[in-house]
Amino acid sequence: MTAFGATELLADCGLIVAAGGSSSRFGHGNKLLMDLAGLPVFCHCLRAFLPLLPAGHAVLVVPAVSEPLFAAALAAAGWGERVRLVPGGASRQASVQAGLAALPAAATIVAVQDAARPLATAELLARCVASARACGSGVAAHRVVDTIKAATAEGAVTATPDRRALWAAETPQVFRRDWLAAAYELVARDGLEVTDDAQAVQLAGHPVQLVESQQDNLKITRAADLPLANFILAQRRAEANDVT
Ligand SMILES: Nc1ccn([C@@H]2O[C@H](COP(=O)(O)OP(=O)(O)OP(=O)(O)O)[C@@H](O)[C@H]2O)c(=O)n1
Ligand SMILES: C[C@](O)(CO)[C@H](O)COP(=O)(O)O
């Protein structure tokens, strides 16, 4: 039985956990090594996702200088043999490319997960994988509830007349491996910068299917995000206790 009660092992799926950033907006050291409800931030998505994956199908991409710290945290969690450590690059896209090269050939579906999104659930991953198997892509996202403005020299303009069409992308972002590999080869060849994997796949001409995220799938970016993530986890634990 897997983490969320399903019986299916995602045997064709490989996981790249992007943890190679510098936490500059966080401002208090490496945000991914900060404690969140008793685990380092980066360990939460691994705890949710590893039970769904075959051994050897998970890579963690980290800054080379911090590799010993991440290795120690993986060993403390008992995952030292389950997760392959890979040195990251100067950008998220470079880190993801490094992770992609380290996945076994059996991983024909690839999930990319921000280590900075500790609240992603196994259920969301499974839905994104199902979408990628069906149509090549499955990207976690939530509907935008604010009116989005674009700043211009003439003043702010509303990004689109129909706000209902706007979504905020999250992770996991899951794709056919051949699509993702070709997309990142294209952006590297053409010197393009992308801020998420879906943008690379879109630039390569493939359709990006959004998968609505049912829960707060917060990205730890600024220091204030950490207590908020703690609150959300506490709420989830309380709800789980209420149903048992
Ligand atoms: N060179 C990089 C940059 C980012 N990331 C990862 O991509 C995810 C999303 O990036 P972000 O939240 O922006 O993290 P940082 O780049 O560390 O943040 P900042 O921009 O504030 O420095 C994070 O899990 C981060 O570790 C990565 O693997 N390699
Ligand atoms: C991948 C991502 O989380 C999707 O919203 C986002 O683009 C990451 O941006 P960051 O600046 O690298 O955190």
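Even glycines carry a Cβ here, placed using N, Cα and C.
Shown in sequence order, T221, R222 are the residues of the chain, 6+ apart in sequence, with a C-beta less than 8 angstroms from the C-beta of R25 (site 'Transition state stabilizer'). Marked as site 'Transition state stabilizer' by TrEMBL: R25 (among others).
According to its DSSP assignment, K31 (site 'Transition state stabilizer') is helical. Per TrEMBL, site 'Transition state stabilizer' is recorded for K31 (among others).
According to DSSP, R163 (site 'Positions MEP for the nucleophilic attack') is assigned to a helical segment. On its own chain, R163 (site 'Positions MEP for the nucleophilic attack') has V144, T147, I148 as residues at least 6 apart in sequence with a Cβ closer than 8 Å to its own Cβ. Residues annotated as site 'Positions MEP for the nucleophilic attack' in TrEMBL: R163 (among others).
Mapped onto three states, the DSSP output places K219 (site 'Positions MEP for the nucleophilic attack') in coil. Cβ neighbour count for K219 (site 'Positions MEP for the nucleophilic attack'): 18 (other Cβ atoms within 10 Å of its Cβ, all protein chains included). Annotation comment: TrEMBL describes K219 (among others) as site 'Positions MEP for the nucleophilic attack'.
Within 10 Å of the C-beta of K31 (site 'Transition state stabilizer') we count 28 further C-beta atoms, all protein chains included. Secondary structure at R25 (site 'Transition state stabilizer'), taken from DSSP and collapsed to helix, strand or coil, is coil.
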